[in-house]
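According to TrEMBL, the protein carries these features:
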type: TRANSMEM; residues: B:6-25; note: transmembrane segment
type: TRANSMEM; residues: B:37-56; note: transmembrane segment
type: TRANSMEM; residues: B:62-80; note: transmembrane segment
type: TRANSMEM; residues: B:92-110; note: transmembrane segment
type: TRANSMEM; residues: B:157-175; note: transmembrane segment
type: TRANSMEM; residues: B:187-210; note: transmembrane segment
type: TRANSMEM; residues: B:216-237; note: transmembrane segment
type: TRANSMEM; residues: B:244-262; note: transmembrane segment
type: TRANSMEM; residues: B:274-296; note: transmembrane segment
Amino acid sequence: MTPAAVQLAASDGRALHPAASTDNPLAIQGMTVSYGEKPAVFSIDATVPPGSMAAIIGPNGAGKSTLLKAVLGVVPALSGTVAVFGAPLARARHRIAYVPQRASVDWDFPTRVIDVVLMGLYRELGLLHLVRRHHREKALACLERVGMADFAGRQIGQLSGGQQQRVFLARALAQNADLYLLDEPFAGVDAATEKAIIDVLKSLKAEKRTVVCVHHDLATVVDYFDHVLLINVRKIAEGPVATTFTAENLQATYGGRLATTHIDQLMLPVA
Amino acid sequence: MGAEFVQLSLTPLAIGILAAVACALPGNFLILRRQALIGDAISHVVLPGIVVAFLITGTISTWPMMLGAAGAAVVAVVLIEAIRRLGRIEPGAAMGVTFTSLFAAGVLLLEQSDTSSVHLDVEHALYGNLESLIWLSADGWGSLLDPQALADLPPELGRMAVVTLLIAVLTAVFWRPLKLSTFDEGFAKTLGIPTGALSLGLVVTAALAAVAAFDAVGSIIVIAMFICPPAAARLMTNRLEVQVAWSIAFAAVSAVLGYVFAGYGPLWFGGNDAVSAAGMIATVSGMILGSACLFAPHRSRVGVPPEPEQT
């Protein structure tokens, strides 16, 4: 644990999660968020191991997106601490890239695809630096990775939903981070986009970066991810997909809303 | 276009253009943030602010008036936020409630207080008095180089110029975070951009434009210029940079045409008297927006619900 993290924990009046070492990309402790009287997320502890492809899974209204936003400070948390590579969020922002839900922005906004990707270079550009050729080339290379380079000059409202999602991913790639946090990146996209996105995420994993997705499609969990966090306001289970993504845990997460036969189809074949 | 123009029309035109541009600049961002009504709100609450400042100080000199107006704008912004959060009411309704009640309070205060001795009335608040801001000591274009004549310029011109310049500089400096947080506030927060402070700064800047313009030209222009030039500009382009340039052009054209039509238009149609320049400027900006809705190249996109998902 870094001295600053120790200090932060001390000022919070309790010890940081033992998992908040500099190795773990993300360690959450006691995260509680409330929009009204009922908590949306209640006292969740979780740790994401380095280099993993992690999924946050749970039914609608389970607080998956809220947890992600609270981790990033986008929504205020009632309580809880977050350590990013052992450091408090404020000192680790440059190591994080974020892909919000596509529906969270107005795609009618007057801007072009390339301008959105350039937003990922904000930390480099700051207030007053001019966008130079090497910035543009970097942005174009990120668009190339998601197969959208031909659309660089388009107004963003002229794209299909899947194309918009890929532009958001390109912006996150431009951030060149160590930890990628994505909110429902596969929601409502076409098959070609889903393939393009998972290929990029797997290449990030191959580069030893860590990926965390809020995910709702149980059928693809085993194929795509190696680590899961099952939540339904509270944490139900966390761990490697092979041992944690079990029928029992899914029943507990979804409260019996899944048929047993359905769950059987999702599991890994028993070795 | 000689001595008489410089004496009677040059300064009202310049003040009209500056006021229009000062309001149009923040208006671009307010419209994209679905906060266009906040300009309306601020320009209305300026009235009670000015009346209260007059009641306290007993004069209508500029600085107490400006301070009173600015104070009222801040009170209004705080009230709108409070009503929105505590009452869980949508922002448009919170603004509507705030500005109508504060404006009404201003009218009542004005009636109850003894302001008959000074030039402070509801008409003045709405229309301003652009035509009266003349440059008496000018006797031709040469006066622009004559320090003595320049010293006699209406003080509104200098104030409006300073405020417009300040707003232009602020817009340029904070362009990137302002654009980013207007488009995607959540993402902006994860970069460490102080989005709350930025959004308050935008509203305060809009208030500054409204108060300065109110002093010179009245609130009708303020309300029109926050909305009409940026909205028309949005229909001309799909790039924010270009949109802002168009909005400045539309604001300036509205001011010039409005001033000219107000002075000469009624004569062309056989009338006798000139009409209010402020009213005419606002009308012209509305007509520009109307034409943009009918003929502009990107008119299909504003206000259109998102296309159905293509999967």
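Every residue number used here counts from 1 along the chain in the order it is shown.
Backbone N, Cα and C define each Cβ position, glycine as well.
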Field: Cβ-based contact of the transmembrane segment (B:244-262) with the transmembrane segment (B:187-210), 3 or more pairs under 8 Å
entry: no
Message: Suppose I define contact as three or more CB-CB distances under 8 A, residues 6 or more apart in sequence; do the transmembrane segment (B:37-56) and the transmembrane segment (B:187-210) meet it?
response: yes
- request: Count the CB pairs under 8 A between the transmembrane segment (B:216-237) and each of B:6-25, B:62-80, B:92-110, B:157-175, B:187-210, then give me the winner.
  value: B:6-25
- request: With the transmembrane segment (B:157-175) as the reference, find which of B:6-25, B:62-80, B:187-210 contributes the most Cβ pairs under 8 Å.
  value: B:6-25
Query: Other than its close neighbours in sequence, what residues sit by the transmembrane segment (B:62-80), given a CB gap under 8 Å and a spacing of at least six beyond its ends?
result: 38, 41-42, 45-54, 56, 91, 94-95, 98-99, 102, 155, 159, 200, 203-204, 207-208, 210-212, 214-215
- prompt: Taking residues 6+ outside the transmembrane segment (B:187-210), which of them lie with a CB under 8 Å of any CB in it?
  reply: 19, 22-23, 25-27, 29-30, 33, 35, 38-39, 42-43, 46, 70, 73-74, 77, 163-164, 166-167, 170, 174, 177-178, 180-181, 219, 222, 226
